[in-house]
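As annotated by Swiss-Prot, (6S)-5-formyl-5,6,7,8-tetrahydrofolate binding site applies to Arg21, Glu77, Lys116, Lys446. Summarising the annotation, Swiss-Prot assigns domain 'TrmE-type G' to 212-370. Residues or ranges marked as K(+) binding site by Swiss-Prot on the basis of sequence analysis: Asn222, Thr241, Val243, Thr246. For 222-227, 241-247, 266-269, the entry in Swiss-Prot reads GTP binding site. Per Swiss-Prot, the feature Mg(2+) binding site maps to Ser226, Thr247; the stated evidence is sequence analysis.
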Amino acid sequence: MTDTIFALATAAGRSAVAVVRVSGPRSSEIAAALCGRLPSPRLASVRTLKHNGVALDAALVLRFEKPASYTGEDSVEFHVHGGRAVVEALLAALSELGARLAEAGEFTRRAFENGKLDLAQAEGVADLIDAETEAQRRQALGQVGGALSQRYDRWRDLLVQALAMLEAAVDFPDEDLPEEVAERARPGLRQLSAELNAALADVSRGRRVRDGFRIALIGAPNAGKSTLLNGLAERDAAIVTDVAGTTRDVIEVPLVLGGYKVLVADTAGIRETADVIEAEGVRRAKAWAEAADLRLWVVDGFHVKQADARPEAIRVGDWLILNKTDIADADASAHVAERWAGEGLTVLHIAGTSAEGPEALRAALASHVADALSGAEFPAATRLRHAERLSEARSYLERALSDVGLEVELAAEDVRLAARALERISGRIDPEDVLGRVFSTFCIGK
């Protein structure tokens, strides 16, 4: 028999209300032991919870009968006062009555096992809980609603249709079938291959929405990188002094720009140094910048002629920030800006020593991030697991396209394998260890 499980579904600690969730075959029995007469299903009712004759709390009780519950099982929710003592007393009573504390993600795993949602939707639930920005909320909510799953299912259906044509050509070679029956599968497979390519190209966008768009502030020591970071963060996140080389490590600050999560990093000033610690900071700065989605080369406007020498690591798409332009040589700044704009860099003039400077940079970055991450209405794949299976399906599909007309049996097998790769995203045929990894990332009460 399946265990009856329980957990605190709201955040631990002092609060006005705490929600304790119970799910499993003995949910109603255990709830009745605590509150006596059970409320009707899906009707919230106030009950006094008692255990061993001792009152625990006055609670709002909700009961759900299977399959009309989150988990697909009989379930009960207790909405109690959020004091630690009240919650601990209720959890202890549930344990004594025969329920056990749920494992991480166990409620959602039961929902998956009972067909209430598929694996991609379950991952969307985890992302929705972790969402910090409006973009992350929209992305995760679309995934929970089944937008990704519906797309994958449509692709699988197209593969099944193509497979039927290919297998007809294999299984009935002597029947009066049109000679081109196998070739009829080719246009649909080509279209699907193009859609898979587009989805894989969009994976990086989805992952940046979920994990954050990475922006690196790089440049020579004392260019004003730390001052700009503090201005963007609107707090003293980095130490600012007149001493060159103050920043020795990468300082990451999470921000929300234009509704998207952004990680801005202040890095050690790039220069040759005999100082072992500073040299390690420079190495880390270069590594972080190499992996960044956008790199801002900050140049001290007071020494703007330094920007005449092209840094070796600079690349098209980088930004050149002419900082401290309120004290810079205007003619020299204009010359440098014109030169670097011609090299494919975006050039911004920032008065980093005033309040307007960081604000102007923040607005420019918000616009850039929104342009980079805004996409189609459906959510993009955000997880490496999805990208791997999509890439696998594309490989099988490309091989099938090369086999159609030559080795129909091989083409049919490749189409079958492509369909199975898509099925693994939704969890239809995933092994137990994959399921365990997915649900282990959840909180206990979900």
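Cβ from N, Cα, C; glycine included.
Applying an 8 A CB threshold to same-chain residues 6+ apart, the list for Glu77 ((6S)-5-formyl-5,6,7,8-tetrahydrofolate binding site) reads Ala9, Val19, Val20, Arg21, Val22, Val61, Leu62, Phe64. Using a 10 Å Cβ-Cβ cutoff, Lys116 ((6S)-5-formyl-5,6,7,8-tetrahydrofolate binding site) registers 18 neighbours. Note: the CA-CA distance between Ala268 (GTP binding site) and Asn222 (K(+) binding site) rounds to 10 Å.
Counted within 10 Å of its Cβ, the other Cβ atoms near Ala268 (GTP binding site) come to 27, all protein chains included. Cβ neighbour counts within 10 Å, taken over all protein chains shown, single out Ser226 as the most crowded of the binding-site residues Asn222, Ser226. A gap of 49 Å separates the Cα atoms of Ser226 (Mg(2+) binding site) and Lys116 ((6S)-5-formyl-5,6,7,8-tetrahydrofolate binding site). Rounded to a whole number, the distance between the Cα atoms of Lys116 ((6S)-5-formyl-5,6,7,8-tetrahydrofolate binding site) and Lys225 (GTP binding site) is 50 Å.
For the binding-site residues given as Arg21, Lys225, the lowest number of other CB atoms within 10 Å of the residue's CB is seen at Arg21. Annotated pair Lys116 ((6S)-5-formyl-5,6,7,8-tetrahydrofolate binding site) and Asn222 (K(+) binding site), C-alpha to C-alpha distance, rounded: 57 Å.
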